[in-house]
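S.K.: One structure coming up, written as structure tokens, with questions to follow.
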Amino acid sequence: MPVLGSQRRLLGSLNCTPPATFPLMLAPNRTGPQCLEVSIPNGLFLSLGLVSLVENVLVVAAIAKNSNLHSPMYYFICCLAVSDLLVSVSNVLETAVMLLLEAGALAARAAVVQQLDNVIDVLICGSMVSSLCFLGAIAVDRYISIFYALRYHSVVTLPRAWRIIAAIWVASILTSLLFITYYNHTVVLLCLVGFFIAMLALMAVLYVHMLARACQHARGIARLQKRQRPIHRGFGLKGAATLTILLGVFFLCWGPFFLHLSLIVLCPQHPTCGCIFKNFNLFLALIICNAIVDPLIYAFRSQELRKTLQEVLQCSW
């Protein structure tokens, strides 16, 4: 990506240098103290991408196979899996081409590699934006199902869900094209960072409100059963743990990447910010890890989906 760092660009592989021997090293900074740089080998990128690819393909296959899963909620989960799938495909493709170029097994002109790099950048940016959008859509869907349970099926209908899905994909494609075209404009970066903060705030507010309602409901049941403390404490701790994992994974996997974008605007020449810029590959690896974790949080917890997944695996064997 042009603005995000030079480490992962395909053009750099045309004139490659030997990789670092140690994965964790101190990178010299001419204008300040030494920086801690985490080097992510291409093999690790490839492995993470393949794991995420397999996981999300299974989610899409399971939802497509089982007609009981053809509902708005599972369609949003399916689209999240497709977004994560595109993140994985783009990174696997880029890593594979880089490895082939470095090994001399693939001969390509700089112009061809530039075009391929642009296509991959559009894929990565579009899939990132759509992934964030579908995470927000899933949160809104769950919120409506809890607070407007009686009206849920009249509010969240299949036609509306399809329109939302189409709008998200169109917006993601347009956003990625604008980002690649105007990557050197500060406003574009600030809009992306603002979008991430908005999604984080939306998810935090909705899930915290859902947890509060669930705890209130549990207290009501406990009072009826005259066992208020044991049920309330256990349920509250379990709900808080689930919420912490959900929001924590989201923030830890996406936060460093958008911190990187923020610092490009705020302090592009500062030595400390320069140290953070050197770890861009680590931030990309965390996003791929998020694509691995998403199916575990949003898809595989469904008993119906797990059952269908077993059938899919049995058919494949």
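Glycine is treated like the rest: Cβ placed from N, Cα and C.
Per Swiss-Prot, topological domain 'Extracellular' is recorded for 1-37, 94-118, 184-191, 267-279, and the stated evidence type is sequence analysis. The N-linked glycosylation site annotation in Swiss-Prot covers Asn29. Positions annotated as transmembrane segment by Swiss-Prot: 38-63, 73-93, 119-140, 164-183, 192-211, 241-266, 280-300. The topological domain 'Cytoplasmic' annotation in Swiss-Prot covers 64-72, 141-163, 212-240, 301-317 and rests on sequence analysis. Residues or ranges marked as S-palmitoyl cysteine by Swiss-Prot: Cys315.
Provide an account of the burial state, proximal residues and distances for the features listed.
M.R.: Sequence-remote contacts of a segment are chain residues at least 6 beyond its ends whose Cβ falls under 8 Å from one of its Cβ atoms, and for the transmembrane segment (38-63) they are 19-20, 22-25, 69-70, 74-75, 77-78, 81-82, 84-85, 87-89, 91-92, 95-96, 98-99, 102, 279, 281-282, 284-285, 288-289, 291-292, 294-295, 299-300, 305, 308-309, 312-313.
Here the topological domain 'Cytoplasmic' (64-72) has Cβ contacts under 8 Å with residues 78, 141, 156-158, 160-161, 302, 304-305, 308, 311-312 of the same chain, all six or more residues outside its ends.
Same-chain residues lying 6+ beyond the ends of the transmembrane segment (119-140) with a Cβ under 8 Å from its Cβ atoms: 1-2, 10, 73, 76-77, 79-80, 82-87, 89-91, 93-94, 164, 168-169, 171-173, 175-177, 179-180, 192, 195-196, 199, 202-203, 206-207, 250, 254, 287, 290-291, 294, 298.
Here the topological domain 'Cytoplasmic' (141-163) returns a mean pLDDT of 91 for the predicted model.
Sequence-distant contacts of the transmembrane segment (164-183), counting only residues of its own chain at least 6 positions beyond either end whose CB sits under 8 Å from a CB of the stretch, comprise 1-3, 75-76, 79, 83, 118, 121-127, 129-130, 133-134, 137, 192.
Within the same chain, residues 129, 132-133, 135-136, 139-140, 142-143, 146-147, 179, 239-240, 243, 246-247, 250-251, 254, 258, 261-262, 265 sit at least 6 positions outside the transmembrane segment (192-211) and bring their C-beta atoms closer than 8 Å to a C-beta of that stretch.
For the transmembrane segment (241-266), the residues of the chain that approach it from at least six positions outside its boundaries are 3-5, 132, 135, 186, 189-190, 192-193, 196-197, 200, 203-204, 207-208, 211, 273, 276-277, 279-280, 282-284, 286-287, 289-290, 293, 297, judged by C-beta separation under 8 angstroms.
Secondary structure of the topological domain 'Extracellular' (267-279), assigned with DSSP and counted as helix (H, G, I), strand (E, B) and coil, comes to 7 helix, 0 strand, 6 coil.
Note on the transmembrane segment (280-300): residues 4-5, 7-8, 38-40, 44-45, 48-49, 51-52, 55-56, 58-59, 62, 77, 80-81, 84-85, 87-88, 91, 128, 131, 135, 138, 245-246, 249-250, 252-254, 256-257, 260, 306, 309 of its chain, located 6 or more positions outside it, place their CB under 8 angstroms from a CB of the stretch.
Taking H, G and I as helix, E and B as strand and the rest as coil, DSSP gives the topological domain 'Cytoplasmic' (301-317) the counts 14 helix, 0 strand, 3 coil.
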S.K.: Measure the Cβ-based neighbour count of Cys315 (S-palmitoyl cysteine), defined as the other Cβ atoms within 10 Å of its Cβ.
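M.R.: Taking every protein chain into account, the count is 9.
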